[in-house]
Amino acid sequence: MNSARGAGRALAALLLAASVLSAALLAPGSSLTPDLDRKRHVELKMDQALLLIHNELPGTNLTVSWSSERCYQCLLQVLVNVSWGGKAGKPSTAAVAVSTQHGSILQLNDTAQQRELCRLEYKFGEFGNYSLLVKHAHNGMGEITCDLVVNDKPVDSNLPVCIAFLVGLALIIVLCLLRFLLSLEDFQNWISKAISAQETDRLINSELGSPSRAGDPHPEAWRPSAAPLRLRCVDTFRGIALVLMVFVNYGGGRYWYFKHASWNGLTVADLVFPWFVFIMGTSIFLSMTSVLQRGGSRFRLLGRVAWRSFLLICMGIVIVNPNYCLGPLSWEKARIPGVLQRLGVTYFVVAVLELLFAKPVPEICASERSCCSLLDVTSSWPQWLFVLMLEGVWLALTFFLPVPGCPTGYLGPGGIGDLGKYPNCTGGAAGYIDRLLLGDSHLYQHPSPAVLYHTKVAYDPEGILGTINSILMAFLGVQAGKIFLYYKDQTKGVLIRFAAWCCFLGLISVALTKASENEGVIPVNKNLWSASYVTTLSSFAFLILLVLYPVVDVKGLWTGAPFFYPGMNSILVYVGHEVFANYFPFQWQLGDSQSHREHLVQNIAATALWVLIAYILYKKKVFWKI
Ligand SMILES: *[C@@H]1O[C@H](CO)[C@@H](O)[C@H](O)[C@H]1NC(C)=O
Ligand SMILES: *[C@@H]1O[C@H](CO)[C@@H](O)[C@H](O)[C@H]1NC(C)=O
Ligand SMILES: *[C@@H]1O[C@H](CO)[C@@H](O)[C@H](O)[C@H]1NC(C)=O
Ligand SMILES: *[C@@H]1O[C@H](CO)[C@@H](O)[C@H](O)[C@H]1NC(C)=O
Ligand SMILES: *[C@@H]1O[C@H](CO)[C@@H](O)[C@H](O)[C@H]1NC(C)=O
């Protein structure tokens, strides 16, 4: 596998080169997106357009209200009043900045009569200049027309993302070609090796459960011991989730689809955390089984699990309470929940569950038998019973817990959503439980619905109730680990089971959400970690394993570079990227702070830097284990 290793190294180097190159291409000064003179009338920010409203109705004052199409059942918010100037034929004008992230709904009323004159839906473009002409139609019927005119065309704000994507793609293609040309001989040897089924089986067998070979780097932090399990696809998947997480946490170029959804729905940013939880479940099972197989004591393992969870929670509390934005904090204001805290609790519950009920992996399943086909599920019935009971608790609390002042079973964002009827009900039971048990001031103060839905109450996306569903997510990851070990000799059996889980969970999601964003019984929601969010994301996770396992482990077509390296050092990269987020060179002074392009360059560079750091540490065999 030396050629593959070498190629991995080359791939890492070239991907870094790719990000540097795309950074250079997109760098400040190059004029891919024209800069606008935004100093007149209204100061336009990122994702805004200028709208000039011309009131040409004699004797009528206009009230213009606005809402985003993405804001589900929202009250319209008054944007501006355009009074009648007084002279006929001389319209009075108001200039406003409108959001361009999603489509806009505009309603124009007669201020005095509170009567709707016209209503329009339009998707404005970033930094565009538009005019809305409100006047009487020339047919003498007294009808009123609202015409939208484009004065200056908007810029294409997605262009930098496309360029970065194409540069990355081009470099990967070049790299594959290079690898192909340079090691043609190696490559052929290695193909013939990969095709031989016996060889494949031997590889997988020797890489599962066999004692660690000398010179093997120690595996990463999540594992309770220096376990010898080498499933590269697991580390690669973790690395993919982690790299995406670093990128979106650093801002993701300030694009809305790299930020968390306002309430219901999925964006790129919503994908990464559950995947991380899922793959943590898989690692827990793989490492724990190997420790137990080598005669490790369950009692000692329990102690280590408890200590590790405690450390994760403590580290998490330190990390979510930085002083640089809010000034020095005290215990009264410290946030308690957070990403590492949730990981710690999830880890504890799932690891203890497996520890209590773990059975030795049966050898009979090594050869396909029909009685074995569901053994990975049936042999862990006590765990399933416990997890399903927990899920029952989630459903019961979510849908039947009475919340003062709010409808029972409320799942909405509150604020101006649901026509403003429940402004303080953000998150229903989940929000209520956190506010009751932890207190407002110990929760996250800027939840994602605050902008679009104008919510006022504190709400924590990593709250107590959602942790139940993250346990379910990790447990589905454990299931993936069981499939790996129970059917380790039958690649086909593993892949069929992954595909089956992917479809099964996907169908549950479709049923729960009615294949819609907002209309389902349980919509997909990152803030609540709703049940459908878990089924959807674990369905995706099984799909990714379905692709990665044959490509990375069975055939060895891809080493997993460069994602493999951060995946091997996940704690270090996670803690490091949080702590050093505001340090140079992860962040620097931008020439134009309202430019997606400059933010994107900065965020890609910072992410690439963390990949590079992870690579160097991997080479030096430095792994942060807790
Ligand atoms: C617009 O006019 C209405 C009615 O006169 C008033 O209540 C409201 O505050 C005004 N809004 C703005 C943004 O000026
Ligand atoms: C329109 O607004 C102006 C100034 O806000 C006010 O003086 C005028 O009386 C209003 N006209 C009507 C018809 O409401
Ligand atoms: C505009 O008119 C509609 C119906 O004509 C009314 O329901 C709404 O409250 C009005 N909005 C404002 C801001 O006056
Ligand atoms: C927008 O267009 C209008 C009409 O062409 C023009 O008068 C105004 O100066 C433009 N505003 C900006 C900020 O470019
Ligand atoms: C919501 O909370 C705010 C501040 O906490 C309070 O002023 C307001 O009255 C509350 N609204 C309702 C409907 O309870």
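Every residue, even glycine, has its Cβ placed from backbone N, Cα and C.
The annotation signal peptide is assigned in TrEMBL to 1-31. Among the features that TrEMBL reports, transmembrane segment is placed at 163-182, 239-257, 272-293, 305-324, 344-362, 383-403, 464-487, 494-512, 532-551, 563-580, 600-618. The annotation domain 'Heparan-alpha-glucosaminide N-acetyltransferase catalytic' is assigned in TrEMBL to 230-352.
Within the same chain, the transmembrane segment (563-580) stays apart from the transmembrane segment (344-362): fewer than three Cβ pairs sit under 8 Å, each pair at least 6 residues apart.
Between the transmembrane segment (239-257) and the listed ranges 272-293, 464-487, 532-551, 600-618, the one holding the most Cβ pairs under 8 Å is 600-618. DSSP states for the domain 'Heparan-alpha-glucosaminide N-acetyltransferase catalytic' (230-352), grouped as helix (H, G, I), strand (E, B) and coil, give 86 helix, 1 strand, 36 coil. Tertiary neighbourhood of the transmembrane segment (464-487): same-chain residues 208-209, 231, 274, 277-286, 289, 337, 342, 345-347, 349-350, 353-354, 361-362, 365, 372, 375-377, 380, 383, 387, 390-391, 393-394, 397-398, 429-430, 433-434, 437-438, 493-494, 497-498, 501, 505, 528-531, 533-534, 537-538, 541-542, 545, 549, selected by CB-CB distance under 8 Å and a gap of 6+ residues from either end.
Below 8 angstroms of C-beta separation, residues 376, 476, 479-480, 483-484, 487-488, 520-522, 524, 531-532, 535-536, 538-540, 542-543, 545-546, 549-550 of the same chain, each at least six residues beyond the ends of the transmembrane segment (494-512), sit close to that stretch.
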